[in-house]
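Enquirer: Have a look at this one.
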Amino acid sequence: MPMSLGNAFIKNFLGKAPDWYKVAIISFLIINPIVFFFVDPFVAGWLLVVEFIFTLAMALKCYPLQPGGLLAIEAIAIGMTSPEQVKHELVANIEVLLLLVFMVAGIYFMKQLLLFIFTKILLGIRSKAILSLAFCFAAAFLSAFLDALTVIAVVISVAVGFYSIYHKVASGKGVSSDHDHTQDDHLAELTREDLENYRAFLRSLLMHAGVGTALGGVTTMVGEPQNLIIADQASWLFGEFLIRMAPVTLPVFVCGLLTCFAVEKLKVFGYGAELPDNVRHILVEFDKEERKARTNQDVAKLWIQGLIAVWLIVGLALHLAAVGLIGLSVIILATAFTGVIEEHSLGKAFEEALPFTALLAVFFSIVAVIIDQELFKPVIDAVLAVEDKGTQLAMFYVANGLLSMVSDNVFVGTVYINEVKTALVEGIITRDQFDLLAVAINTGTNLPSVATPNGQAAFLFLLTSALAPLIRLSYGKMVIMALPYTIVLALVGLFGIVFLLEPMTAWFYDAGWIAHHVGEATHAVSGGH
């Protein structure tokens, strides 16, 4: 019996998503205007934030762009925010958007070099705990100089490479033949068990790398986008930022690596999966075949990619241009010197990041609602009202951490540093207290936010990437796997803020490593940014 037109509309709405999910989204769309107009705009704002987090949590059922986008469009239509404010948010975050558009595509053209290096690491280190430490440390080191999103893009492209090599051979095809690694139909039962273990193995490595980006990203002013904003407000340069953060970031870094080692050894929270022998064998064979088949042309490509990688790190560490523009230069150099000149070959590189870029634009429209409806104001006011300076530092760290778990840490960091800047300009706090609070804000936004994928853009990118469903990495799984790290990073960070920050900073002043700032540096950024 043919489907009626009404049923066809319902069937088409959000496609293959389960019916309960469709009903949930439709009911959100009906409830929001009612709450906004007849109950309280503030309540409606928080309701929208919770609903948006729900769409992120269900990313494996339906990509969050569609449901989240519908919620955002309705929010703008009923006046929770304005198109101007959304545009203002996008303009303020243009560097992050450029980064996603160009840098992630640039990394795509560095794939051969990355696979070459990481295959050596993966096959060279037999111990899973040491391998995890290597991934975590490498991600942390890179994130101190590059953006966390760039580092995660590198790790994702490597993991997809590894996954597809094994999947191809397990499906009975040669290493070099074309293959769709998203379909499991051709696998025998024996290889399925290996595949599950291999997925668990890749999941744990990706989570270690993800947390690594947070460990490294908090230490320097180029590590995360909000660090730049905070450094700019406080007029700190690279060296001073590093030193001022050290009392908190160094203990956290050491404890983070210890946690990485511990969860692998104890095999808890979904960690501890070893690389199955069959898979190792296939990867070793792949490496041998690659070495045999490598022509001078391939070697030349690896050299070119190596030189471009050097330019990438130098360009980013010295901030020679906006991150996205350096990414664009990587695309141009890599394609020009490796001979990729057809338009359709270029298009593939952009497939991974553009859906996420669109999702981030929707995310910023939710942020615009948070700003216009002043959703965080009660929390911020309560913390600024605390008289005792030491308590105020701890409260700032905790409040920042909690808000960063539900909202984007770039946004939370920006809102807080603006409020504190305003307090400084109005003479409510001293310049020295402002400098200490800036450390509390930076560490508060960067460390506890590993708890959920909405806190860290790098985690969100990983969750919504094409790789996540392949290795069965869901929102809930990420939260559970991040839990030991969340607890350790948040508590050690708090310990650093309460007990180490003030005495260490005083010692740095006495030693002449940093100097007291006078006056209020630059004026607070306008609006939400």
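Backbone N, Cα and C atoms are what each Cβ position is placed from, and that goes for glycine too.
Here's the feature list from Swiss-Prot:
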TRANSMEM  13-33  transmembrane segment
TRANSMEM  34-54  transmembrane segment
TRANSMEM  90-110  transmembrane segment
TRANSMEM  113-133  transmembrane segment
TRANSMEM  136-156  transmembrane segment
TRANSMEM  205-225  transmembrane segment
TRANSMEM  241-261  transmembrane segment
TRANSMEM  306-326  transmembrane segment
TRANSMEM  327-347  transmembrane segment
TRANSMEM  351-371  transmembrane segment
TRANSMEM  451-471  transmembrane segment
TRANSMEM  479-499  transmembrane segment
Enquirer: Taking the transmembrane segment (451-471) as reference, which of 13-33, 90-110, 205-225, 306-326, 327-347 has the most Cβ pairs under 8 angstroms?
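Expert: Ranked by Cβ pairs under 8 Å, first place goes to 205-225.
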Enquirer: With a cut-off of 8 Å between Cβ atoms, can you find at least three pairs linking the transmembrane segment (90-110) to the transmembrane segment (351-371)? Only pairs 6 or more residues apart in sequence count.
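Expert: Answer yes, regions in contact.
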Enquirer: Is the transmembrane segment (306-326) close to the transmembrane segment (241-261), in the sense of at least 3 CB pairs under 8 angstroms with a sequence gap of 6 or more?
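Expert: Judged by the Cβ rule, the two regions do not touch, with the required three close pairs absent.
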Enquirer: Any chance the transmembrane segment (479-499) and the transmembrane segment (205-225) have 3 or more Cβ pairs under 8 A, given the pairs are 6 or more apart in sequence?
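Expert: The answer is yes, given that the two segments have at least 3 Cβ pairs within the 8 Å cut-off.
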Enquirer: By a Cβ-Cβ criterion of under 8 Å, what residues six or more beyond either terminus of the transmembrane segment (136-156) are in contact with it?
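Expert: Residues 96, 99-100, 103-104, 107, 110, 114, 205-206, 208-217, 219-220, 222-225, 253, 256-257, 260, 312-313, 316-317, 323, 327, 352-353, 456-458, 461-462, 465, 467 contact the transmembrane segment (136-156) from elsewhere in the chain.
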